[in-house]
């Protein structure tokens, strides 16, 4: 997919993302010797996890619409270099697990070259690949990797996976992996919907020590809830499942929420996370363009992505 959009000219102060982004294959990205601030978008082309989870399909096209929405955003800091992995990680012939492994390898490689990696789905099964990529890279840096997951989501995504992985099993898989390897499972979820998770899922989350906040309690949260997560971990996996937001803001999702949170309720928390000096990876999932109106869901998430990028690189817009 090509990046394109409005062109006001070519002076630095009127440039937009589509005018500066460099689309490269993985080998070219790994050969890049730029050591400054750099972002790499990685696309994950998958409906398979949602199909297995009996959800409504369409998220495989989410990343395309995100790129369209991101394309026209103005450049505020020319020191930030934008890159896009040319080919999406693609689920072929229903082989979800192979795609997750490929994604993990891509993420680990890009992180080894100090890219701020932004993964764009696709279904939320993207999270298993992203997390394992972060962990794989972290293991090359320390014998005691501390990876904290902060998820904005209406669901725990800790369903059984004895019949295979899907878009609702990732964090149970990660929990089991961590237990087996003796790694702390530090999973924190914001926006949980009381009626979108069974009692078993609540019980399972509690048994694994998951910290969660109901959507109805979002206004009670502050930096005080977020900063301890950032302080005790060296790597932060920030994952946003778009169905956390209210249906009027995010109609184009796999599982729309009539009592979802509002973007302005999340932005302060996201800013706190984005400003961390810890090693941050961002991931977004579950945009289903076929159910969207005027691309409002893609526009919302694109705005949040860019906000996180700019905040992470200390770019203030006056």
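Numbers run from 1 along the shown chain.
Quick reminder: no glycine exception, Cβ is built from N, Cα and C everywhere.
The Mn(2+) 1 binding site annotation in Swiss-Prot covers 124, 153, 157, 241. The Mn(2+) 2 binding site feature in Swiss-Prot is assigned to 153, 155, 241, 243.
A gap of 9 Å separates the Cα atoms of residue 241 (Mn(2+) 1 binding site) and residue 155 (Mn(2+) 2 binding site). Taking CA atoms as the reference points, residue 153 (Mn(2+) 1 binding site) and residue 243 (Mn(2+) 2 binding site) are 7 Å apart. Within 8 A of the CB centroid of the Mn(2+) 2 site residues 153, 155, 241, 243, the other residues of that chain are 124, 151, 152, 154, 157, 191, 242, 244, 255, 286. Around the Cβ of residue 241 (Mn(2+) 1 binding site), the number of neighbouring Cβ atoms within 10 Å comes to 28. In this structure, the C-alpha atom of residue 124 (Mn(2+) 1 binding site) lies 10 angstrom from that of residue 243 (Mn(2+) 2 binding site).
Of all the binding-site residues listed (153, 157, 243), 153 has the fewest other CB atoms within 10 A of its CB. In this structure, of the binding-site residues 124, 155, the smallest number of CB atoms within 10 A of the CB marks 155.
Under DSSP, residue 157 (Mn(2+) 1 binding site) is assigned to coil, being neither helix nor strand in the three-state scheme.
Within 8 Å of the Cβ centroid of the Mn(2+) 1 site, not counting the listed residues 124, 153, 157, 241, the chain contributes 127, 151, 154, 155, 167, 168, 170, 239, 243, 244, 285, 286. Here residue 243 (Mn(2+) 2 binding site) is positioned 12 angstrom away from residue 157 (Mn(2+) 1 binding site), judged by their C-alpha atoms.
For the recorded site, residue 124 (Mn(2+) 1 binding site), the DSSP three-state label reads coil.
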